Amino acid sequence: MRLLWGLIWASCFFALSLQKPRLLLFSPSVVRIGVPLSVAVKLQDAPSGQVVRGSVFLRNPSHVNELCSPKVDFSLSSDRDFILLNVPIPQAQARICFLHLRRVPEVQLMVQSSWLRDSLSKQTDMQGVNLLFSSRRGHLFLQTDQPVYNPGQRVRYRVFALDQKMRPATDILTVTVENSQGFRVQKREVFAPFSIFQDSFLIPDISEPGTWKISARFSDSLDSNSSTQFEVKKYVLPNFEVKIIPENPYILTTPGFLSDIQVIIQARYIYGKPVQGVAYVRFGLLGEDGEKTFLRGLESQTKLVDGQCQISLQKAEFQGVLEKLNISTDDLPGLRLYVAAAVIESPGGEMEEAELTSWRFMSSPFSLDLSKTKQQLIPGVPFLLQALVRDMSGSPASSIPVKVSAKLFSGSTSKNQDFEQNTDGSGQVIVSIGVPRTISEVQLSVSAGSPYPAVGSLTVKAPLSRSSGFLSIEWQNPRPLKVGETLKLNLQAVGISGSFSYFYYMIVSRGQIVSVHREPRSHLTSISVFVDHHLVPSFHLVAFYYHGGVPVANSLRVDVQAGGCEGKLELNVDSSKAYRPGDTVKLNLKTESRALVALGAVDTALYAVGGKSHKPLDMVKVFEAMNSYDLGCGPGGGDTAPQVFKAAGLAFSDGDHRTEIRKSLSCPKESKSRKKRNVNFQKAIHEKLGQYTSPVAKRCCQDGLTRLPMARTCEQRAARVQQPACRKPFLSCCQFAESLRKKARTRGQVGLARAMELLQEEDLIEEDDIPVRSFFPENWLWKVEEVDRFSQLRLLLPDSLTTWEIHGMSLSKTTGLCVATPARLRVFREFHMHLRLPVSVRRFEQLELRPVLYNYLDSDLTVSVHVSPVEGLCLAGGGGLAQQVQVPAGSARPVGFSVVPIAAAAVSLKVVARGSFDFPVGDAISKILQVEREGALHREEMVYELNPLDPLGRTLEIPGNSDPNIIPEGDFKSFVRVTASDPLEALGSEGALSPGGLASLLRLPQGCAEQTMTLLAPTLAASRYLDKTEQWSMLPPETKDRAVDLIQKGYTRIQEFRKRDGSYGAWLHRDSSTWLTAFVLKILSLAQDQVGGSAEKLQETATWLLSQQRDDGPFHDPCPVIHREMQGGLVGSDETVALTAFVVIALHHGLAVLPDKNSEQLRRVENSISRANTFLGAKATSGLLGSHASAITAYALSLTEAPEDLRRVAHNNLMAMAKDIGDKLYWGSVTTSPSNVLSPTPAPRSPADPIPQAPAMSIETTAYGLLHLLLWEGKAELADQAASWLTRQGSFQGGFRSTQDTVVALDALSAYWIASYTAEEKGLNVTLSSLGRSGLKSHVLQLTNHQVHRLEEELQFSLGSKINVEVRGNSKGTLKVLRSYNVMDMTNTTCQDLQIEVTVMGHVEYTMEAEEDYEDYEYEDLLAGDDPEAHSRPVTPLQLFDGRRNRRRREAPKAAEERESRVQYTVCIWRTGKVGLSGMAIADITLLSGFHALRADLEKLTSLSDRYMSHFETEGPHVLLYFDSVPTSRECVGFGAVQEVPVGLVQPASAILYDYYNPEHKCSVFYGAPRKSKLLSTLCSADVCQCAEGKCPRQRRALERGQQDLEGYRMKFACYSPRVDYGFQVKVLREDSRAAFRLFETRITQVLHFTKDARATADQTRNFLVRASCRLQLEPGKEYLIMGLDGATYDLKGDPQYLLDSNSWIEEMPSERMCQSTRHRTPCAQLNSFLQEYGTQGCQV
């Protein structure tokens, strides 16, 4: 009995304990540092009148005494038992409590109240729950001005910063940019005071295609990272877009059934008009892994009608093709049908392409989504199955029958229920299934659609039975709600044995508890929730009650259709209006409140070139970002209350029950597995590629399949492949493609289907290689406007015919962020004109302008077209003469005008087209035609030291010597620069910190990695000098910003050359170089603070360098950039000293980025430097070092503070090699080859002589010597002397000879100038004067050593004139002279060592029989007139492949024109065996006028495995070809070029081959157009030719015709008009071609008159020049009377040369036999009388 009473008492006590009072604690399961935490506190089961006070706070689980937030007090009572608190979490307090030191991101939410201990008899007054914490907070949205960019373009971007509530946030942001390889190229911290940050950066022009990323985060929140991506690829905007539109979004296939396959090909111009032309369509299959197999025999060639055509595949035909591939229709579901279409428009022959890759074979036309159905049953409550049915386009499918089969289990028994219901307008169906209380499990099978349904299944179970019951949330019509609507629900307790008073519920949205509520319980408890913007885009309703001390809960997830932003932003233009280029458009901006509106306009053509995957920011993306803070997982519900709370994203504790801490910030993802299909694709090329498994081998095979633009056998090509592993697959695939091409040719033009069986071109070319064409601007309107409810902008439209999309984003303090629906406007002219001009032409070349007229009106037009008169151009009728052209409706017609430029200038061409009176249409285009002078540009530089303290140096005379090759009537210019401050000139805003950086200091290209580093190195030296001497104020205010920009550009660009292991190669495809990697490590270590680079990445670079060190200390270079043996080093076989010293210098600078002093890597680097120094010291001690190796070794040992004895030996060796000239000290060069010994620099004869300019090697060596001397003795006499010599070696631009000598010299001089800086001010007065044709010209300059004054006065004077300089003052200075003029010949070059030859041939078709190479199909050859049906022969895939690779023009000419306008360039280079190069060589080819090189050809020469060049660049009319070396035997490369605008009488152009590191070592030649080419014929009409020849001389033939000189016309010409300067009777000896001139060498037989040619006597020779475009012919052996004006040029002997022009008298002297005839006797006597009178008496006036 006692036991029984004990049990009864215990049970009663237990029941009472369940009803005990308690505190309930709710909060989001993740804490956001810096964002207030919403905490709900509830008092449960407390007696009436009870008041509980306490506080809530956060703490560190490991440091419980360290609070991570302030304490927030609360007070609860039985009447106010459920409240919501906000607990602030300041960033500073989170750091103080050491949260950042925790390995696991956990924090404790605690409630503290004495009531917990006093009333509940607990041992503590605290209760808590564990939460995760994250520093992610707020929202950052990024926007770029385009979705896709070309390499070399500038990216403009914006960052919008908002807080957790979507309101503007003014925080410090960290913005980073990553390139396509994932390397960080830019990092900066910025402050956005208006919550919008804008910036831009430049994509390097050598960037590989790929996806770049811009990321932003709040600087104090590492997890708040947000990013946007954009694509970088080579493209040109299309003129029209091709779309492939399937009739159905899927292809239905089931066993024994296949639906129809129909597709529409649509082509429209960007401005919306349909394209006329032909569509070529082919099909293939795409596997799940992206593998592509083409279906041979299904190709189609169809004419477009009104811009589109329909292609239908017959079932039998399609199934027959599948059977050939052993593919059954049963294998098709899960695969995709690939469709590729190429459209050629008939008016211009332009081609664009498109592909469709998303057309799936499906077993059902629908998809079934059951994710919104809850996973738990509530016994006795109807279960709601929610299914969403979509079609294959992803759109909701309405009115689709859905069948549901429910199998209900109760113990071992079951029963079935079947339902059928149609989906509503949103594609949703809700089926209510009655569930008796005894049911424990329901198995559901669902099918949607008929007869080929989508199916799905689901099993749901009931929780274990419990006395506390279940909470049912009834929503009669589940659907997404809209803002402003009210959610009405019923709450019901099911299966409960007792009673309770209230239901409690919470609204949770975006990871925060928005509100808490309680509702009295009734028979049917109804609650209402008003949906506002705070609940967008979804929220959770979490309801609970307590019964018997046990919480019972349920939840519901509700999606909200926002429909738009919280505020309002509308962009309105009058879209119904027809806009034309240059029109003003009114853009209306409407907002709900005052806001900043960020605008941008982008050409919609960008979305056609690959930008579709990077669409602009819209509200969908904004809502996705907002919803990313939702911590809930699933549709709601759970087996227990803690599970319900956890699934809704809440943490919960009541002292007895609590939620488990969540495992991660995101929801667990369902693991999905899918069986991969294995379809046997049998195809010739695929089988070939399938032989190789590695990506490298596949790439080599792909390269072998690609045809070169020049004749090479496969064996010759394979011999150039450097990697042995690549050579075999390359050769095999090359031979395979060669055999296919042979078959294609020998079989002739087979049908299209059979041709496709021979070769599938897509297997040879990546789709990314397909270029797209246009010349349109790509974006504009990048601005931020402040708008207060309404604003109207008046915008001027660009001159493009396209469709613009205007984007707008507003930021308001009251309504947050809003992204407007883009406004589109079409810019179009029904009648418009298109005109192309060449990059440049030369004087007296003839070109044909061919404006194309487009008529999109419904009526034919008669149009009058003319070219406006302009000075310097010869035009038909003098300009203004119009041509009448008939342009039919809906067509295009070209009009031809011949033009001859006769003046070297930038000429503004204006073409005007006007309609008739009945059709007042018109258009006008104005473009600049760049007209260059004949010949090639030649430059001369001289440097003088200005020293007024030396009496002999106070007066200088700069001679005016003349070059015999100078172009007559040229532009003779001398630029003079004077400075009294060498540091500020070299390092200031006009030198290393000029807008172009070192690029402006050197006339060298900027392609490879080492050239890229020159953007960084000099700028760092300049910044260091200006920082140390505090002289930034001496320069323009923007100079500091420019320096930062230059450093950032260099850093961004060099990352494109970085390899995964941290090393660097000269090119992207080149193996890593030790020397270059060391160079990068040194410069980036110095730039680390300014570029925000990754120290870890530089540590990887240092580690790679250590791996290149040998055991005995020296470093080796597996792939040298510079052949150091040619630049010093050791005499003998050891060439590693200079390299080892260079790496030591780099590693020393790299110590700054290594970890702390005790790190293993630091010890390894220090040990490496020590071993290398031991090696260097031993070599220095041997005494065999050359001057360069001695200088860099001495500097390396001094820099690293090597042992004293080693440093002293190196110093003594270096000084023993020094040379001195007066007060200057320098080091020359001793090389390994006696033939390469550079002669010592001669000493100047006097202070007034120009300073001799040393080679690059001497400059670099002296710079290292100066760096060593500064460390050895500081600023002392020796350093002064070396710096003085080095300063005077600078070029006119401020640089030196090449990159390395410039980089090292500026580094050394900046260090010297820092050491020698003085604030003392000194003055320098300079007077420059010269006597020219216009008289004496003088300039007076007053300079100081702290002022940069640059004079670039164009002193244009007759050659032979001199410049006198007078110097006064007490400061030294420098005077530099640059002469610039054009020359006719290249005889003064050094082509004895290096050789280059350029030949140009008319369009060449290589055939296997003739050239043992591949035939050259031209895609443009397919075009035969404007009628697409004229294509009588089908297009083979080989033509598509080869033609696409060659297509590079905007408007493809017809086949006949193509053969005339395309030429083949062959560039051959070689050197004599005794001459070496320092390293890289560059061929600079100036193309013939009007031509541009085919990039596709050049890319093949650089990108394939059989690489022929390292790199190429195109700039204007120049093509730069980079070669690693110049061979001793002749080696040639070839590429095609196309002349876009017809040019006649094309003049020769120049080509230069030079040593990059020693540019004076060069060979320069001229080359001309192919013989018998139309390029050499005339294009002009009669009056235009007459105008062009207006300056040409004409031979006088009056005597030949027997005309008598009754009026003395010879004497009038000689003495009155034009009154000549000379008169000679000469005999022509020979004729010679000189560029654009012809030279006649003559011997004087009689001197009649002279002015300045005082040395002219009989039997002397004189040269006469005439333009090659003139028709004058002087025959050798004949005598002529020649009179005219004096020339401005001189021959090699210093005698004047004469230009024959319209002011020249040229008359053939008659023979004695002619003068004996009766007809000519009197005229001959009159001629002899003139010769006698004029020769003895001259002019009598």
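Note: Cβ is positioned from N, Cα and C throughout, glycine not excepted.
These figures come from a predicted structure and were not determined experimentally.
Between Cys1615 and the candidates Cys1532, Cys1715, Cys1724, Cys1739, Swiss-Prot records a disulfide bond only with Cys1739. According to Swiss-Prot, the cysteine that forms a disulfide bond with Cys714, out of Cys633, Cys667, Cys734, is Cys734. The record in Swiss-Prot pairs Cys1592 in a disulfide bond with Cys1670, which is drawn from Cys1532, Cys1670, Cys1715. Take the candidates Cys667, Cys700, Cys701; Swiss-Prot pairs Cys726 in a disulfide bond with Cys700. Checking Cys1468, Cys1585, Cys1587 against Swiss-Prot, the residue bonded to Cys1532 by a disulphide is Cys1468. Looking only at the recorded positions Asn60, Asn326, Ser916, Asn1325, the one with its C-alpha closest to Asn225 (N-linked glycosylation site) is Asn60. The DSSP secondary structure for Asn326 (N-linked glycosylation site) is coil. Taking Asn60, Asn326, Asn1325 as the glycosylation sites under consideration, the smallest Cα distance to Ser916 (phosphoserine) is found for Asn326. Taking the Cα atom of each, Asn60 (N-linked glycosylation site) and Asn1325 (N-linked glycosylation site) are about 73 angstrom apart.
In the three-state DSSP assignment, the secondary structure recorded for Asn1325 (N-linked glycosylation site) is strand. Fewest Cβ neighbours within 10 Å among the recorded positions Asn225, Ser916, Asn1325: this applies to Ser916. Within the model, the domain 'NTR' (1592-1739) carries an average pLDDT of 88. In this view, the densest Cβ surroundings among the glycosylation sites Asn60, Asn326 belong to Asn60, judged by other Cβ atoms lying within 10 Å.
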